[in-house]
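Q: Grabbed the feature section from TrEMBL, which reads as follows:
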- 60-98: region 'Disordered' (REGION)
- 84-98: compositional bias 'Low complexity' (COMPBIAS)
- 103-242: domain 'Photolyase/cryptochrome alpha/beta' (DOMAIN)
- Tyr376, Phe425, Asp525, Leu526, Asp527: FAD binding site (BINDING)
- Trp459: site 'Electron transfer via tryptophanyl radical' (SITE)
- Trp512: site 'Electron transfer via tryptophanyl radical' (SITE)
- Trp535: site 'Electron transfer via tryptophanyl radical' (SITE)
- 693-718: region 'Disordered' (REGION)
Amino acid sequence: MQPLECRLATFVAKPASLLRRHSSAEKSWLAQERASLFQNKTQRGPLSFQKFGTSTRRAYLNMRKTKRRSSETSTTEARRPHPSGLASGRSAAGPSSASSSTTIIWLRGRGDLRVYDNPLLVHAQREKQPLIIIFTWSQADATGPFSYGDAQRAFMFSVIDELHRDLKRRYIQDIHYVRLRDQACASDYVELFDYLGKTLRANVLLLARRYEPPWRQLDDEIEHALKTMNRWKVFSYNMHLLHEPGAVGYTGDSPATFGHFGTLLPFYRAWERNAGHPPQPSEAVSWLPEAPQNLPWPETFSATIGDVNASEVIPECRELSTSSFSLVPSLQSTGLHPVGAGVARWDITVMRSWDVREEAVRAQLRQFLQDRLPRYESSKSRADRQSVSRLSPFLALGVVSVREMYHETRDALRRLPEHKRSKTFARRLIWRELAYWTLHHFPEAAMEPIRSHYTTQEWNEDPELIAAWQQGRTGYPLIDAGMRQLWQTGWMPQNIRMAVASFLIEYLNIHWMHGLQWFHHTLVDLDIAINAMMWQNAGRSGLDMWNFVIHPVTSSRTSDPTGAYVRQWIPELSQLPNEFIHAPWAAPESVRQAAAVRLGDTYPERIVNDLAEARRRSKRAVLEMRCRTEPHFFNDDGYDRIRVPILETGQSRLEHTGRSAGPHLYVWRHVFTRREFRGAPFGTLLSEQAASTKAPQLQPVALQDTPAAQGKIAEEAS
C-alpha cells in the first residue's frame, strides 16, 4: 500500500469521470484541486507530503471523515460480531464519536503489554474517538543501567508480536511501530507526537507509568512539553505496581514499623497500614474504537518535524531539535530484537521454554495457585521439583497484571487449610514493591553501593574466574547448573540465583556489579529494581545485607537431593550416583570412570579448592574496608550507617539525637549489618591513599560483546 501522500496525489490526479462514488462537494473540490495541481505542476515539482499542502490534505481528510461518519451511523447495527464472541452482539471495533480527534495508546513494555486489567484500553473506550496504538523503540532503550537486557529484548519481541495478534483478533486493532534515533531524548518524542497530532488530529495520549529514575524523568519532560502546546491531554496509569512508591508511607520512624530500616517486615507493616489492598483488576474491554483512516504507516516513512522546536521547551536537547524518526512497517524494523546479522540465534533456544500468549500465562497462574501453592512453603527451595510459578518474565513486562496476581493469590490462600497457607509467595509481591520503593528513594542503586563507604572495598578482578562463573564452568555442580539454565532459558529459580550470587561474592570475592550486569543481559525476567536490590544485598552494600552465606556443596544437596536438577543441566554428570553428583571430585576414580566423568576434560576442575580459605579472604576484604572508613559511617554497635533522604513532609528525627532534621535533605540511619562485621574496629587504617581508593568503574556491555558470551556463541555456532 502506498503512503497517504502518494495515494492522495494519485486520487486527485484522476479524471472527474472516475469520481462517481464521491459526493458533489467532493467532486467539485477535487476537480478544482486537480486543475490547480496540473496547471502549476512545473512550479510545484514532485508531489510530496509537505508540498501537497497541509490545508489541502486536512480539508480532504475532514470531508472523507464526515462522509464516513454518516455511513457508520446507518450501518452500526449491521456490523459483524467479533469472532471471539467478546462483544456480545456488538462489534469489537466500537463506534467513534462525532469528534475527528484521535486517541493514542503508547506502549513501551513497562507493565503495559496485556489486554486484561489494562486501564489504557478502558480509557480509550471511554474517549469514544478513533484510536491508534503505537510502540516506540530507540537504541537508547538498550543502553545503560536502566535499559532492557538482550534476553529480555528477545522475549519482549515475542510478547509484542503475540499482543499484536491478540489486539487484531479481539478489536481489529493493530500496533503501529516507530523507530527513533539511537540517542533519542524528550525532544524526539515531542516531535513524534506533534507530527501525529497534526496528521491524525491526535489530542489524547495514554501511557503506563515507568518507575526507573531516568525513564520517569523522561516521561515527565514529555508530558510537560505536550501540555505546553495546549492541545494535548496526557493520562498516565500505574500498571506495574500494587501501589505508587510514595503511597506506602514508610519512613522507619513509627514504632509500628519497628525493625531494621529498609527490610521487608517493617516495610510490609507500613504497606498494610498506609496503602492497603490494591484495586481489583478490571476485565478486558469488549470493544475498542476504530483506528483513524489514512494512516501513514504502511510503508517506511521518515520525517523531520520543523513546525515545533522542542528545544524551546526542553533546553538541554537544543542541539537535537532537528532529529528524525521513522514510522516503520513492522516490529522487526524497530531494532528491538537484539540478534544482528552474523550472530548465532541464541534467542531461539531461550524462547523454546516460554509460551507468551496472555491467556496461556493467566492459565499458568491459575494452575500454580491450584496445584503448587498448597505445597509452596515446603518445596519452594527444591530445585529438583516444579515448585515455583515461573511468572516473573510476564510480570516484568506486564503480560500478567500484578493486581490480578495479588487478589487471585489472596483468594486461593483463603480457600486452603491454615497449615497449607504460604505467607512467602504472597510476600514476594510485597518484596517487589520494596524493590521499587528502594529504587525510588535510592536511584543510584542500579549503579553503585547504597552504603557509599563500600566503594573502597577491594575486589578480585580475575577475568578467567568471571568467565568461568558466567559460563557455568566453576566445577561446582549446583552453580554450573544454574548458570547453564540461565543461558539456555533466560531464567533460574530464586534460591539458585541466591546460590550463584553468594558464590561469586563470598567465595570468589568478585564485585557484585559483574553479577548484576550478567543477569541484566541474560534474564528474560529482568527487573531493574529487583535485580539491583538482590545484588546490592548479596554484595553487602544494600539496605538489607544478606544474613547468610550459601555453601555451594551443602546447598546443592539440600535443594537438589535427588540430583535431578544437576542431571538436567549438566548431562555429563548424569551417570554419577547421588552420593557424588554434588561433589564429583570426592568420588573414587573408579566411580568417575564408570560414569564417564574426567575432571578437567568432560567436566571442569574446581576453580576454588579451599572454600574456607576463600571465605576468609572475602571477609578480610570487608573488614579492611571498614578499617579505612570514617567513623561516622558506623553507629556505636558497629552497624553501618547511610544517608537517607527525608521520606516525609515536615520534621524528621536524626538518629541518636532528638534534633530535628530541619531543612536538611538527608538524615543518618543505621542498616542491618552481619555480626561478623560489627565487631571490627573502624577508622583505624585511615590514610590519604586508602581514603581515595575507588572501586573499578563498570559499564554494561552488550551480551554478545562479553568474552564469556563470545565463547558460548562460538561453541553453539560450531
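Just so it is clear, glycine is given a Cβ too, placed from its N, Cα and C backbone atoms.
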Q: Between the recorded sites Trp459, Trp512, Trp535, which lies closest to Asp527 (FAD binding site), Cα to Cα?
A: Trp535
Q: Whole-number Å only: compute the distance from the Cα of Tyr376 (FAD binding site) to the Cα of Trp535 (site 'Electron transfer via tryptophanyl radical').
A: 24
Q: Measuring Cα to Cα, how many Å separate Trp459 (site 'Electron transfer via tryptophanyl radical') from Leu526 (FAD binding site)?
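A: So the Cα of Leu526 (FAD binding site) lies 25 Å away from that of Trp459 (site 'Electron transfer via tryptophanyl radical').
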Q: Should Trp535 (site 'Electron transfer via tryptophanyl radical') be counted as helix, strand, or coil on the basis of DSSP?
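A: Once the DSSP labels are grouped into three classes, Trp535 (site 'Electron transfer via tryptophanyl radical') ends up as helix.
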Q: Cα within 10 Å of Trp535 (site 'Electron transfer via tryptophanyl radical') is the criterion; apply it to the recorded positions Phe425, Trp512, Asp525, Leu526 and give the hits in sequence order.
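A: Within 10 Å Cα-Cα: Trp512.
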Q: Which residue counts does DSSP yield for the domain 'Photolyase/cryptochrome alpha/beta' (103-242) in the helix, strand and coil classes, in that order?
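A: Tallying H, G and I as helix, E and B as strand, the rest coil: 66 helix, 30 strand, 44 coil.
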Q: Can you tell which of Phe425, Trp459, Trp512, Trp535 has the most other C-beta atoms within 10 Å, given these are the recorded positions?
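A: Selected residue: Trp535.
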Q: Would you kindly give the Cα-Cα distance separating Trp512 (site 'Electron transfer via tryptophanyl radical') and Leu526 (FAD binding site), rounded to the nearest Å?
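A: Cα-Cα distance, Leu526 (FAD binding site) to Trp512 (site 'Electron transfer via tryptophanyl radical'): 16 Å.
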Q: Over the span of the domain 'Photolyase/cryptochrome alpha/beta' (103-242), how high is the average pLDDT in this prediction?
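A: Mean pLDDT for the domain 'Photolyase/cryptochrome alpha/beta' (103-242): 96.
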Q: Would you kindly give the Cα-Cα distance separating Trp512 (site 'Electron transfer via tryptophanyl radical') and Phe425 (FAD binding site), rounded to the nearest Å?
A: 26
Q: Expressed to the nearest Å, what is the distance separating Trp512 (site 'Electron transfer via tryptophanyl radical') and Asp525 (FAD binding site) at their Cα atoms?
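A: Per the Cα atoms, Trp512 (site 'Electron transfer via tryptophanyl radical') and Asp525 (FAD binding site) stand 19 Å apart.
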Q: At a 10 Å cut-off from the C-beta of Tyr376 (FAD binding site), count the other C-beta atoms across all protein chains.
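A: Taking every protein chain into account, the count is 21.
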Q: According to DSSP, folded down to helix, strand and coil, what is Phe425 (FAD binding site)?
A: helix
Q: For Tyr376 (FAD binding site), what is the secondary structure by DSSP, using just helix, strand and coil?
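A: Its secondary structure by DSSP: helix.
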Q: Among Tyr376, Phe425, Asp525, Leu526, Asp527, the annotated FAD contacts, find the widest CA pair distance and round it to a whole Å.
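A: Farthest Cα pair among residues binding FAD: 23 Å.
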Q: Just counting, how many other CB atoms are there within 10 A of the CB of Leu526 (FAD binding site)?
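A: Leu526 (FAD binding site): 25 neighbouring Cβ atoms within 10 Å.
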Q: Mind giving me a neighbour count for Asp525 (FAD binding site)? Other Cβ atoms within 10 Å of its Cβ, every protein chain shown.
A: 22
